[in-house]
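Participant: TrEMBL lists these features:
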BINDING   Val113, Leu181  Ca(2+) binding site
BINDING   Arg126, Tyr246, Arg293  protein binding site
DISULFID  Cys227-Cys247  disulfide bond
DISULFID  Cys289-Cys300  disulfide bond
REPEAT    224-257  repeat 'NHL'
SIGNAL    1-16  signal peptide
Amino acid sequence: MIKILWIFGVLAVVFSANNVLGKHLNTHHLTYEDLPLSQRRFFNNVRALLQKRLNQNAVAESDWPSFNHALDSPHNALADNDNVAKSAVAIPTPVLVENWPKVAHRFGQVTAVSIDPYGNPVIFHRADRFWDSNTFNETNNIFYYIENGPIKEATIYTLDAKTGNILSGWGENMFYLPHGLTIDTHGNYWITDVAMHQAFKLRASESQPLLTIGTPFRPGSSVKHLCKPTSIAVATTGEFFVADGYCNQRILKFNAAGRLLRIIPQPPEFLSLQVPHAITLLERLDLLCIADRENMRVVCPKAGLKSSKGEGQPAATIQEPDLGRVFGVAAYDDIVYAVNGPTSMLPVRGFTINPKSETIIGHWGKFKNPHSIAVSSNTSTLYVTEIGSDYHANRIWKYVLV
């Protein structure tokens, strides 16, 4: 009875809003596309939620007015072209924001992007340094240019979310070859440097790390060493994961204090990784999703944040012919947005992935050499960075999720 009253109450609100909206549209000759994004998403979500409740309560069509019929009335301009899932809230599609940033920047290779607690994108770049065949000793993975010292200019820039203008920069004389950047909910910066073979936790604009994993310029496969680490994912519990990366083909899980808890994969886990290039957490599903680059797939083993149950079981695997080499992954609720990189003749673009069904459910964007991706905490915007041989190719793209 309470559920029925709840549905009647929400229907009354929606019908009232529809009548007001219908009059407004008839007066001003607006269409659904003319509505602000927030209003369109609101009506989409309410529509999907009501349909879900009606389905859950097995309400017969003969006893109840059809919700779709109610929204399809002559006074409602929201009826068509919504493509709303009938059993769940619609999954947003990334739409490019044109002419963003307003002013072109001269960045080095933009290897990573994350988003600070204020909703501003933060990029990590290599300034005048490049990674090519002469950067590392191929036998022992030692960085050749240690004697050149760290990059002298700022390697971390915060951009204004609205304009793309630079708000601040720091990280000068700290890093040798930037790779990964993640900003947690507390505003801590988690960084990987492939030349130093280390992962760091830092406060913004501070040079002294709060936590360091790995031994400087000493690659290795022991629990005290990393080898070209690529990415870090941080849980709200404080636990964090380090993708270790180009050499060791493994993921290390630590508690908040930096004590090693688990290595992925480990027996009896059957999971062979080939360059785990980026990682992201789907905490509600208790999954860690990995851009398994050279295996051309996304794999999502159990993260073990809630319990150790399920650890070592077969990972959810998304591997389809058009996916190619996956460079970046970012979580949005229970789905993953991903970008691939140059792979034979495949288009270089973005993907929307459902780990539960292990399928690609959407394609978007067009890129040349994307390297990382991030979604804002309010899930309204998405950013993709690209790397190249000059500052024209090294850039960041902004998308809105609609």
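Cβ from N, Cα, C; glycine included.
Just so you know, TrEMBL annotations never went through curation; they're auto-generated.
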Participant: Within its own chain, what residues at least 6 apart in sequence put their Cβ under 8 Å from the Cβ of Arg126 (protein binding site), listed in sequence order?
Facilitator: Gly108, Gln109, Thr111, Ile151, Thr155, Leu177, Pro178
Participant: Just the number: how many Å between the Cα atoms of Leu181 (Ca(2+) binding site) and Tyr246 (protein binding site)?
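Facilitator: Taking the Cα atoms only, Leu181 (Ca(2+) binding site) lies 16 Å from Tyr246 (protein binding site).
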Participant: Can you grab the distance from Val113 (Ca(2+) binding site) over to Cys289 (disulfide bond)? Cα atoms, rounded to a whole Å.
Facilitator: 17
Participant: As a quick check of your reading of DSSP, tell me how many residues in the repeat 'NHL' (224-257) are helical, how many are strand and how many are coil.
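Facilitator: Final tally across the stretch: 0 helix, 16 strand, 18 coil.
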Participant: Say we define neighbours as other CB atoms within 10 Å of the CB. Which of the recorded positions Val113, Cys227, Cys300 has the fewest?
Facilitator: Cys227
Participant: Give me the CA-CA distance between Cys247 (disulfide bond) and Arg293 (protein binding site), in Å, as a whole number.
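Facilitator: If we compare the Cα positions of Cys247 (disulfide bond) and Arg293 (protein binding site), the gap is 13 Å.
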Participant: If one measures from the C-alpha of Tyr246 (protein binding site) to the C-alpha of Cys300 (disulfide bond), what distance in angstrom results, rounded to a whole number?
Facilitator: 19
